[in-house]
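Asks: Below is one structure. I have some questions about it.
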Amino acid sequence: MCAPTYEKLLPDGSKLQRQMEAEEKNNQIQITHQKTKLELEQKLKDGTRNACLSVILLISAWSLMMPHMQARRDTLQCDSFCLGSMNSARSMLTLVGSAFMGRLSDSQSIKFSMFGTGNRNGNGNGRMLCLYIGTLATFLGFAISASTFSIQGMWLGMIPGSLLQHNYNVFKAMLADYHEEISQFNKSVEGEKNSINKSDAQSSTSTNDENENENENENGNESDKDASSSERAGSVGKLGMSVGIAFMLGPLVGATIVKSYRGAVMFAMVLTSLSTIFIAKMPHIEKSSVEEEKQMNSNSAQDTNNENRSIWSTLGSAIDVKSARSPSAIFLITIRVSMALAFHIFNTIWTVSLKKRFDFGPSDHGKFMSFVGFVFAFSQGFAAKRMLAPLSRKGRVRLLQACCVALGVGRVVAYQVDSLAIVYVMFGLIVTALGVVNTVLTADTCLIATSAEIGGLFGVLEAAQSGAGMVGPLIGGALAKIHPVTAPLAAVVFLYIVVFFLVAFGYEKLLYRQHNEKDETSEESGKASSEIKKEM
C-alpha cells in the first residue's frame with residue numbers, strides 16, 4: 001500500500017493557502033525579473049547612445065582637419081615619400097597599439113580602480129581606462145600639432161593617437177558586454193523556469209507534457225539566439241553609423257566653417273574634450289557572481305605573478321589572446337585580411353582613375369567622400385538591421401555571399417564606366433554591401449570570445465587589418481607594373497571570390513555551430529549553479 005503524500009494529509013484550507021503563497025511568490029519573482037530586464041535594456045540603450053555620441057565627436061575632430069591637411073603638407077614641403085612614410089608608420093603604430101589596447105581593455109585588475117575607472121564592486125574597468133587613454137592621446141596629438149610648425153611636429157602629433165586611440169574597438173567590446181549581460185540574465189531566468197517545470201512534471205508524472213515543454217524551449221532558444229544576434233547587429237550598426245556621420249560632417253565643417261589649419265586643430269581639441277563627457281556617462285558592467293569570482297581569482301593570480309616578472313614578459317602576456325587562436329577567430333581574420341587587401345589594392349588605382357576620367361579635384365573628392373559617409377551611415381544604422389532581422393542564420397550566410405558579389409562586381413563596373421552617375425550608383429551599392437558585411441562580422445565576432453577576451457580579439461582583428469593596410473598598397477603597386485588596370489582588378493575580384501567560398505563552406509560551421517555548443521555548455525553550468533543556489 002502506497003504511503004499518502006503530504007498534500008493529501010493537509011486540510012483543504014491549508015492546501016489552498018500554500019497554492020496562493022506559491023502563486024504570489026512566483027508573481028513577485030516575475031515582477032523582479034521584468035524590472036531587472038528593463039533596467040538591463042535601458043543600460044544597453046544608454047551605453048549605445050553615449051558610445052555613438054562620443055565616436056561622432058572624436059572622429060569628427062580628426063576628419064574636420066582633412067580639408068586643411070594637404071595645404072599644411074604642401075607648406076611644409078612634405079612630398080609623396082614623406083606622406084607614404086607617415087602612412088606606413090601610422091599603420092605600424094596602429095598594428096601594435098590596437099592589439100595591446102584591446103587586450104588591456106579586457107583587464108579588470110584592481111590597480112585600475114585608482115584611476116577612477118572602477119565599477120560598483122571595487123574592481124577596475126580596463127575598458128573605461130582605455131577610453132580615457134585614447135581620448136587623452138588624441139588631445140595630446142592635436143596639442144603637439146597646434147604648437148609646432150614642422151614636419152617633425154607632424155610626425156610627433158601622429159604618434160599618440162595612432163598608438164593609443166582605439167576607442168571605436170573598445171566601444172564595440174563594451175556593447176558586447178551589455179548584450180552578454182542581458183543574455184546571461186535571460187539564461188538564468190530560463191534555467192529557473194525549466195527547473196520549476198521539471199519539478200511540476202515530476203509531481204504530475206506527465207512525461208508527454210515534459211517532452212512537449214522541452215521541444216518548445218528548444219524552439220524558443222533558437223529564435224532567441226537569432227533575435228539576440230539581430231540586436232547585436234543593430235547596436236554595432238548604430239556605432240558604424242556614427243562613423244559615417246562623422247566622416248560626412250567633419251570635412252563639411254572643416255571646409256566651410258573653419259578657415260585655417262590652426263583653427264581646425266583648436267576646434268578638434270574642443271570636440272575631443274566634449275567626447276570625454278559621454279565616456280564618463282557609460283554605464284558600468286555588473287558581472288554575474290560566478291563569472292565575477294572567476295575574474296577576481298584570475299586577476300589576483302595575475303597581479304601576484306606580475307610582481308615577479310619583467311616588463312617584457314608582462315607585455316607579452318597582455319597581448320596573448322587565446323580566443324584569437326581558435327579556428328573561428330582565424331577564419332574571421334582571414335576574411336577581414338582578404339577584404340582589407342582588396343580595398344587597399346583597389347585604392348592604388350582608383351584615385352588616379354577618377355582624375356583621368358572625370359578630372360576630379362579637391363571639391364569633387366569632398367562631395368564623393370560625403371556621399372560615401374552618408375551611405376555608410378545609412379547602411380549600418382538602418383539597412384543592416386532591417387535586412388538581418390527576418391533572416392535565419394543560413395539566410396545571413398547567403399546575404400554575406402550576395403555582398404561579396406556586389407563588392408567584386410561593383411568595383412569592376414565602377415572602374416570601367418565613363419558616367420559619373422553610374423559611378424555614384426555603383427559605390428552606393430558597394431558601400432551598402434560593405435556596411436552590411438562589417439555589421440554582421442562584428443556582431444558575430446562577439447559569439448566566439450568571452451567578455452574577458454572580446455576586447456583583445458577586436459584588437460587582434462584591427463591589427464590584422466592594419467597589417468593588410470601596410471602590405472596592400474605595395475601589392476597594388478607591384479601588380480600595376482604588370483598591367484595598370486587588369487592585374488589589380490583581377491586581384492581584387494580573386495580576393496572577393498575567396499571570401500565568397502570561405503563564407504559558403506565555413507561560416508555556419510565554424511561560427512554558428514561552435515556558438516551553439518558553447519551555449520549548451522553554459523546553459524548546463526547555469527542550471528548547475530542555480531541548483532546550488534537553491535540548495536544553499
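Even glycines carry a Cβ here, placed using N, Cα and C.
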Asks: Please identify the range among 58-79, 454-475 that TrEMBL labels transmembrane segment.
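Replies: In TrEMBL, residues 454-475 carry the label transmembrane segment.
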Asks: Report, as numbers and ranges, which residues of the same chain sit near the transmembrane segment (396-415): CB under 8 Å and 6 or more residues beyond its ends.
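Replies: Long-range Cβ neighbours of the transmembrane segment (396-415): 229, 339, 342, 346, 349-350, 353, 387-388, 422-423, 426-427, 429-430, 432-434, 436-437, 440, 485, 489, 492-493, 496-497, 499-500, 503-504, 507-508.
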Asks: Determine which recorded stretch among 131-151, 329-346, 366-384, 421-442, 487-507 has the most C-beta pairs below 8 angstroms with the transmembrane segment (454-475).
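Replies: The stretch with the most close Cβ contacts to the transmembrane segment (454-475) is 329-346.
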Asks: By Cβ distance under 8 Å, which residues at least 6 away from the ends of the transmembrane segment (487-507) in the same chain are close to it?
Replies: 331, 334-335, 338-339, 341-342, 345-346, 348-349, 397, 400-401, 404-405, 407-408, 411-412, 415, 475-476, 479-480
Asks: Which bits of the chain, at least 6 residues beyond where the transmembrane segment (239-258) starts or stops, bring a Cβ under 8 A of a Cβ in it?
Replies: 48, 51-53, 55-68, 168, 171-172, 175, 264, 267, 366, 369-370, 372-382, 384, 435, 438-439, 442
Asks: When each of 131-151, 329-346, 366-384 is checked against the transmembrane segment (421-442) for Cβ pairs under 8 Å, which one has the most?
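Replies: Per the Cβ under 8 Å count, 366-384.
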